[in-house]
């Protein structure tokens, strides 16, 4: 048995899609355990680019069992579009299964998402307006509608009617927005029910049986540790649990099943939307790094804010996830930047500390304390071993390991599958 959890160790967009793709080739089962279509994973197969939002990255390998787990909130419209797009490009999607316990996103969730964000005004949190938060709210309030409800149309229809009555009243009286038509929703979702029925399964049983049979299981996370509902920069976070503990809840396995936890770390730091960002690089230098790294959101297209590597947040990620290894991505983007800066600690009101603060107000006041390292100018995209990398590049990697206390196992030196240096394979 081998169970590996892959998590983002920063604010998401770390390059998890590429690392998941690499590990999926070696896994038997790939399960997505949280989030929704607000996530976007980009995978390069040769010179062909695939952008996935809900379907696990393992779908690009024939014969893999790919599962959308119970911790996901599923927008069936997005899923059907994604499946059709993959089929049109010759990808076999027959290995996909959807948890009957996963919750559904309905049209009114998206309407609420947009209305609530607009209502926040200057305090907006940067939601993608895809209905993720409101769907998780319904789940926590125990009024959510699950994928398994699509199998009982009478039950599904009654639940939608009940929820819609309350939601339409909320939209009208609080947000001064039009409501949604019940019949239109039922007609739309009847089509999804017919289409998705063969894919709906007891995913908890599937994944636990696979582990009992000694198969290799990869738990694919979305977003990142700093977007976790509890461990992230609250309230500028997502509505689920991207950390390793979320894999147990969102896939339905016990914590003793997990063997390794790999944190995906971008060689610099990025974040999308609002919230404090101590190592952010502003002005032309930040713009140049954004263009060099092609830092624009897979889901939204929004430009990402860019900054230097921050090992304060990485130590926090190492602790809350129990990281056993790091997959370092986009190292090639740093080529030509000299010197390089690594944040080793924060200065807060004159005091230097290495801990990541829970208080958003405190984090906004934190000033990064930097250590400078010499950069490199050699092209590293063809490197396939550690020895192929320039000495200053290896020094940067070693310093990351020293400051986080976590060994680097994988290094991405380009977007393609083959542009990966393997120091230790998780499987």
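Backbone N, Cα and C define each Cβ position, glycine as well.
Because the structure is a prediction, the values reported are computed rather than measured.
Of the residues proposed, 302, 315, 341, the one Swiss-Prot records at the same IMP site as 13, 14, 15, 16, 38, 39, 40, 41, 128, 142, 223, 238 is 302.
Within its own chain, residue 303 (substrate binding site) has 290, 295, 296, 297 as residues 6 or more apart in sequence whose C-beta sits under 8 angstroms from its own. Not a single one of the binding-site residues 38, 128, 300, 301, 302 has a C-alpha within 10 angstroms of the C-alpha of residue 12 (GTP binding site). Around the Cβ of residue 331 (GTP binding site), the same chain contributes 267, 380, 393, 396, 397, 411, 412, 413, each under 8 angstroms and 6 or more positions distant in sequence.
Residue 42 (GTP binding site) falls within a strand segment according to DSSP. Inclusion criterion for the recorded positions 13, 300, 301, 302: a C-alpha placed within 10 angstroms of the C-alpha of residue 41 (active site, proton donor); this criterion is met by 13.
Residue 38 (IMP binding site) has its Cα within 10 Å of the Cα of these binding-site residues: 300, taken from 18, 300, 304.
Counting only same-chain residues six or more apart in sequence, the Cβ atoms lying under 8 angstroms from the Cβ of residue 15 (GTP binding site) belong to 264, 266, 327, 329, 330, 412.
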